[in-house]
Amino acid sequence: MDKLVIEGGKPLSGSIVIQGAKNAALPILAACLLAEGTSTIEHVPRLLDIDVMLNILRELGCRAEHVGDTVILNTETAHTSHVPESLMGQMRSSIFLMGPLLARFGETQVYQPGGCAIGERKIDLHLEGLQALGAEIEEIGNRIICRADKLYGAEIHLAFPSVGATENIMMAAVLAEGRTTISNAAREPEIQDLQRFLNEMGAKIMGAGTDTITIEGVQSLTPCTYRVIPDRIVAGTIMVAAAATRGQVTLLNTNPAHLSSLIHVLRRAGVQIAVDGDIIKVGCPGRPRAVERVVTAPYPAFPTDLQSQVMVLLALADGVSILKETIFEGRLKHVDELSRMGADIRVDLNSAFIRGVPRLYGATVEATDLRAGAALVIAGLAAQGKTIVEQIHHIDRGYDCIETMLGRLGARISRYSPVPKN
Ligand code: EPZ
């Protein structure tokens, strides 16, 4: 398995263009199934998760090409709505194929995506939403069979503003008969991007970005060309890395409004942030300050996907910080690895009590999930000495060649691919 080898202690400097958003591109690619024909989706990053989604769409009969950062997807030849278990298992978020497949084919078969390193990852809200639209759902073992001769608009309230459930219901409802309202909907920018894409195809959706989304069902949708928003989590990761290494970095192609909660926390830590249009400049000449309390919560609050990265900055800060994770019950596994690098962090239930230390020390550490892996890379960049990060396939799911991205900012980082034994 590939590893990253990092020689720490060098401040990041320079400028970087941020890639398209993985978590916007994935539902938009799934939504292409709702219209027969060829859609062109621009600004799609080259990631393992995107490859998995394109392979699933090919398995369903679509023709998909990823040229540069543009995906050309022809869904006309899609001929089945059964997602193979082997492919479902490669990416949990393939569960939001249910909505478009049900809307297009009237039935679909998927598999329980199961939990992962960060938590149980239930899908009850997805299934309840589809049932509210008229779907009959049968679970046989880990197989989920979903049928609906016709889908009808409904009033749906989400017990929790689940991102995936909101997306699944939106995609199922666009071709339903009548009006659907989703209350307590997720408000993430990726939901807003999905609404823009679906409306570009001829849907009639309003309210994405608020907690109530209204969908007027239409007869059919038309393929289109669409450009995905920038990835706010990749941008946030780079911002934290710049601060943790006491560097000076300019980020281009960002949407600062999507990062306001992170910018607020970084400024409280004494990081200098300047915003000008789609440009964010980050500088941290001295040691960051502790931040008394950071709590993850649904957008627009502080995002769970930046929790592990910010923990590294707070682990180096002057003072004691408390970081509370409220979205995923298993998303503090990176604490053990950071402690091996000299961090002073105590976990109690879903809160981390972080006593900042002057420096971290290089070590061999293991990525347990996508964002924890990114956090360990940041720790390695800031640490004194050499760090080896293992299991970096997790990182490749969400970052397009992270070593190249950081190398352009002056990081001493390289990928080590062991020669396969013959
Ligand atoms: C999306 O996951 C993102 N993934 C995640 O990013 C992100 O962390 C998460 O939203 C929260 O922002 C994609 O968009 C592909 P949820 P999703 O449904 O949709 C519980 C990354 O690193 N829940 O909002 O799976 C669930 O157990 C990934 O890029 C139910 O109980 O997140 C969790 O505790 C990681 N029942 C919480 O809600 C359900 O039916 C948040 O889940 C669905 C969810």
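Cβ from N, Cα, C; glycine included.
Among the features that TrEMBL reports, domain 'Enolpyruvate transferase' is placed at 7-404.
The annotation phosphoenolpyruvate binding site is assigned in TrEMBL to LYS22, ASN23. Of all the Cβ atoms in the protein chains shown, 25 others lie within 10 Å of the Cβ of ASN23 (phosphoenolpyruvate binding site).
The annotation UDP-N-acetyl-alpha-D-glucosamine binding site is assigned in TrEMBL to ARG92, ASP305, ILE327. The number of other CB atoms found within 10 A of the CB of ASP305 (UDP-N-acetyl-alpha-D-glucosamine binding site), across every protein chain shown, is 22.
The active site, proton donor annotation in TrEMBL covers CYS116. Note: CYS116 (active site, proton donor) has non-local neighbours ARG92, ASP369, i.e. same-chain residues 6+ apart with C-beta under 8 A of its own C-beta.
Annotation source TrEMBL lists 2-(S-cysteinyl)pyruvic acid O-phosphothioketal at CYS116. DSSP assigns CYS116 (active site, proton donor) to a strand in the three-state reduction.
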CB neighbours within 10 A of ARG92 (UDP-N-acetyl-alpha-D-glucosamine binding site), counting all protein chains shown, number 18
In this predicted model, what is the average pLDDT of the domain 'Enolpyruvate transferase' (7-404)?
-> 96
How big is the Cα-to-Cα gap, in Å, between ASN23 (phosphoenolpyruvate binding site) and ASP305 (UDP-N-acetyl-alpha-D-glucosamine binding site)?
-> 11
For the binding-site residues listed (LYS22, ILE327), most other Cβ atoms within 10 Å of the Cβ sits at LYS22
Give me the Cα-Cα distance between ASP305 (UDP-N-acetyl-alpha-D-glucosamine binding site) and LYS22 (phosphoenolpyruvate binding site), rounded to a whole Å.
-> 12
Between the Cα atoms of ILE327 (UDP-N-acetyl-alpha-D-glucosamine binding site) and LYS22 (phosphoenolpyruvate binding site), find the distance and write it as a whole number of Å.
-> 19
Apart from the site residues ARG92, ASP305, ILE327, the 8 Å Cβ neighbourhood of the UDP-N-acetyl-alpha-D-glucosamine centroid comprises ILE118, GLY119, ARG121, VAL163, THR304, PHE328, ARG331
